[in-house]
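Asker: Pulled from TrEMBL, these are the listed features:
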type: ACT_SITE; residues: B:Cys86; note: active site, nucleophile
type: ACT_SITE; residues: B:His196; note: active site
type: ACT_SITE; residues: B:Glu198; note: active site
Amino acid sequence: MKVRVTITLKAGVLDPQGKAIEGALRGLGFAGIDGARQGKIVDLALAETDPDKARATVADMCEKLLANTVIENYDIAVLG
Amino acid sequence: MRSAVVLFPGSNRDHDMVKALHDVTGNRPTVVWHQDATLPDVDLIVLPGGFSYGDYLRCGAIAARSPAMLDVARKAKAGVRVLGVCNGFQILTEAGLLPGALMRNAHLRFVCKEVKLRVINNATDFTRAYAKGQVIRCPVAHHDGNYFADPETLARLEDDGRVAFRYAEGTNPNGSINDIAGILNEAGNVLGMMPHPENLIEALHGGLDGRGLFESVIQAVAA
């Protein structure tokens, strides 16, 4: 079973990398950018076949390692 | 005074730390590999600077889950003093032994220079050899030293005297909130700081301002 974890910075946490990306996009002439935030994706291949169990296991992985919940949110998507 | 330095794959300031501990305390610290599940009984455990696991995932994230860190957490809870410098500070926050997080420097550049630190709380095992409000010189070298904590956590740190060091006015090198350079845990036996006191302990290297931190621990152990 493939599971995708998307990790993003919480609202209100300064994201200097996102700011730099935003500035570079403006520099390229893209108009109307209201913000850019950078995150990361972790794709997991699991032996588990039950989506609910897979989701619960990955949530545990996020809490223990994949995300730093002081500054980051995570979203889990079961890709099948 | 007995001490131990935990070595992670990617640590690179361990030699400086070993030398500083040896020179100031007179005893050579035990170097412990991160896979060792049990640390020796010592008065001070140090997590040195560097780039453990190449900063993969987040700085200090993977090192914080290594077998040695489980024992560091147990010993910290039992009252053993733990000092984390630079990457060691990042590891302590990732391990949950200190609150908050260290984020990318606000200006996105690696910063390697000398800064000035103000001793905010000198009534700790790590700062008692300094005067309250004293300004000391100290080198920094990091890319992710921008301390962040939510407003409630920050208020607790400030109200409880758990900010040990602040970057002196106008010298904050990384955007750290409230100019925070080093913080303590609630019990006061765990200190994390981004600057490197171990790099200013010899006159030949330009100053002795870092010795006070190690001398403080010696005094605390003797007290």
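Every residue gets a Cβ built from N, Cα and C, even glycine.
TrEMBL does not curate its annotations; it predicts them automatically.
Computed from a predicted structure; not experimentally measured.
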Asker: About how far apart, in whole Å, are the alpha carbons (Cα) of B:Glu198 (active site) and B:Cys86 (active site, nucleophile)?
Answerer: 11
Asker: Helix, strand or coil: which one is B:His196 (active site) in, per DSSP?
Answerer: coil
Asker: Fewest other Cβ atoms within 10 Å: which of the active-site residues B:Cys86, B:His196, B:Glu198 wins that one? Let me know.
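Answerer: B:His196, out of the active-site residues B:Cys86, B:His196, B:Glu198, has the fewest neighbouring Cβ atoms within 10 Å.
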Asker: Hey, how far is B:Cys86 (active site, nucleophile) from B:His196 (active site), Cα to Cα, in Å?
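Answerer: Computed Cα spacing between B:Cys86 (active site, nucleophile) and B:His196 (active site) is 7 Å.
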